[in-house]
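Asker: Quick one: this structure, given as structure tokens, is what I'll be asking you about.
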Amino acid sequence: MTTFSFVLVLCFAVLASAVVHQVVSRVSMPLVQIGLGAAIALLGGVSMYHFQADSELFLVLFIAPLLFQEARGVDKVALWSNRRPVASLAIGLVVAVALIVGFFAHAIEPSIPLAAAFALGAALGPTDAVAVSSLSKRASLTPKQEVLLSGESLINDASGVVSFQFAIAALTTGSFSLLGAGASFALSFFGGILVGIALEIVISSVMRTVRALGVDDTTFHVLFDLATPFVVFLAAESLHVSGILAVVAAGLSYSFLDRRIGPSVARMNIVSSSVWQVLTFALNGIVFVLLGMQLPNAMSDSWHDAGIADAKLIGLVVLVSAVVVAVRMLWFLAMDLYRRIADARAERVAAGASASACAYPSGPTVPMRSGASRAEGFDPASPMRGEARLWLRSGILRDSLVMALAGPKGAISLSIMFTLPYVVGSIDFASRDLLLFLASGVILITLLLANFLLPVLSPIQDAAPPSSDQEALVEVLRAVIADLDAMQTPGNRRAVQSVIRQYNDRIAHIKQRSDAFDRVDNVALRIEVIGWQEAYVTERMHEDASLMLAGHRLLSRYARAKAALGKRGVPRFVFLARKRVISFNQLIAGIIADRRLFRQAFEQEKAPRELHADALTHAVGKLRARLSDEGTPSEDAAEILLEMQKSIRRLRRADHAAPGIATATRVDDAIDEVRLEGLERELHHIQAMYDDGLISRQTAQRLRDNVRVMQLDQDGFI
């Protein structure tokens, strides 16, 4: 009964935290839960709910499912695009924090053995994934910053655990092998990734086999889905590789594996999503309540130790916290400096190649620069001086400090520290209580800084609330369009684009019926997209002289298109009608032309077509990034995206064979699944707008009722 009572206390504390957070909304939910946990431990007596956190049990029971779900929902494309900085943060920064904090702690408090100080630094290296995921609601972070922070928090747990194990081994044995430690780290790190991917492939194969046998029960599949992170973690640990990285790798590879599409799978995904939301909320809350309950126990022994003054304890905590934040800040400054120098060097190389490509072969020889001119233009020290001045002007120091504060420590750091040995050799480990106190204090300070100082450095701009239900609905639909565009894969692209067109039609219909919207043309955005294509084609022409003719043809067409779009006095429907007439005339001319001449013209246009398709692909990537820009209406960007993607398929498709009945059926099923997913996203964004105070309870209820009616209609109940 004691264990059951303890679990009930945890659950009620999590529920109470949601209520308290509504009253003190300026305090983040993790801090509220930590406070409730500490209050429970203090009011009931530290020994009443003395829960000794077993590190491995804590990882498999709480951290594994949370990281698995976080990895499934992370932006894979953005994470892969930033793989190098993420790896630098998740591995390099953790090792740097372990070494620097270790040397510093040993220097200011010699009673702490150097190996034990390294263990403290290793435990303080990982950031808390749960706390990091909640920061975007309190501070204004760019999409790239969010990707870096989420990617770092997914991977650095394993780096911290392995580094901690090496430090403890050196502490207990008195010896350390750098070569052996490096080999063990590589085996644990890369082995965990490979095992996670392999296990997810096996699990997906088992799921397909079970479905092939006719087992389509939603409850079975949801339970199977929930058991996946636990199975992956335990299997990886039994193979002596990182279970954390195995879980993350399984979550990342989840969406890349081929899965059956159909209405039943769509319903299962909806149920699974709801179950995971409840489980994630409960586990997140329990993690921080447990952290709060552990803090009094971790800090009480050192606080009541007469051998060290209380003021010195507080000073040590503040100094170690400052070092942790400073190391993170300097690391981000170094990353930004390296990126800017590399970009400047690439621009100089490109400018030199461009000048060489534009030179006349038979023209006069270009004179060499004098020493003074070379020093003026290519002084190696000038980029460094320019970067120093740029830091003071463009707020790079502030951005680096924001990223440093946005990596608070949390439950996993304290869980690791609780595994410190009580005995080293044949004597008691006297520094254990002091190390626990330091770790607990750093965790509290970093969480407080992230909660109170981070929003001051990077405040969220208050959005104007919608003035009507129609405006609120348009905001919701725009957010859904951005979500659907981000979930596109080669397997579901046709279905996703079809549903996005339906959402664009809904937005257009709402705007036509309402006078609350100003009619804003998307001509400026279209001209900007054409400019991206022009820049891409020009760059390709400089890189490959064989594309000069095709490039000049495309640039001429782009110029004519921009000129036509720039005539704002011409109504858009007239422009579209004229475009259709021109296309029809070209089609008729192609039919009546001589077949041999037509084939010759087709071959002559092959190079411009291929280059145009590449330019469109480049523009699609840049326009996708604009979907997250609040100044760009997502329905306009999505409309242009769909047009460009359709043009790319048309340019690159060799034949136009009509799909068979089976293919059409699969596409229809996929559209149904995406449509259901879109409706779920609508409910999510409606709740988010209500939580942010942008819409009233009555407006949120009306919007939710409309979505539920559409869900019933989609399921065939009405």
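The count begins at 1 with the first shown residue.
Positions of Cβ are set from backbone N, Cα and C atoms, glycine also.
Automatic prediction, not curation, is the source of TrEMBL annotations.
So TrEMBL has the following annotated:
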DOMAIN    14-336  domain 'Cation/H+ exchanger transmembrane'
TRANSMEM  6-24  transmembrane segment
TRANSMEM  31-51  transmembrane segment
TRANSMEM  86-108  transmembrane segment
TRANSMEM  154-179  transmembrane segment
TRANSMEM  185-206  transmembrane segment
TRANSMEM  241-257  transmembrane segment
TRANSMEM  269-293  transmembrane segment
TRANSMEM  313-335  transmembrane segment
TRANSMEM  434-454  transmembrane segment
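Would you situate these features in the structure and describe their surroundings?
Answerer: Long-range contacts of the transmembrane segment (154-179) within the same chain: residues 63, 67, 70-71, 74, 86-87, 89-91, 93-95, 98, 102, 113, 115-116, 118-119, 121-123, 125-127, 129, 185, 188-189, 192, 242, 244-245, 248, 412-413, 416, 419-421, 424-425, each at least 6 residues beyond the stretch ends and with a Cβ under 8 Å from a Cβ of the stretch.
If one looks beyond the transmembrane segment (241-257) by at least 6 residues along the same chain, the residues whose Cβ comes under 8 Å of a Cβ in the stretch are 59-60, 63-64, 67-72, 74, 76, 79, 154-155, 157-158, 161-162, 187-189, 191-197, 199-201, 203-204, 228-229, 232-235, 489.
If you look at the transmembrane segment (269-293), the same-chain residues 6 or more away from its ends with a CB under 8 A from one of its CBs are 10-11, 13-14, 17, 29-30, 33-41, 49, 51, 53, 62-63, 65-66, 69, 130, 218, 221-222, 225-226, 410-411, 414, 443, 673, 676-677, 680.
Counting same-chain residues at least six beyond the ends of the transmembrane segment (313-335), those with a Cβ under 8 angstroms from any Cβ of the stretch are 85, 88-89, 92-93, 96-97, 100-101, 104-105, 108-109, 120, 124, 302-303, 391, 396-397, 399-401, 403-405, 407, 409, 434, 437-438, 441-442, 445-446, 449.
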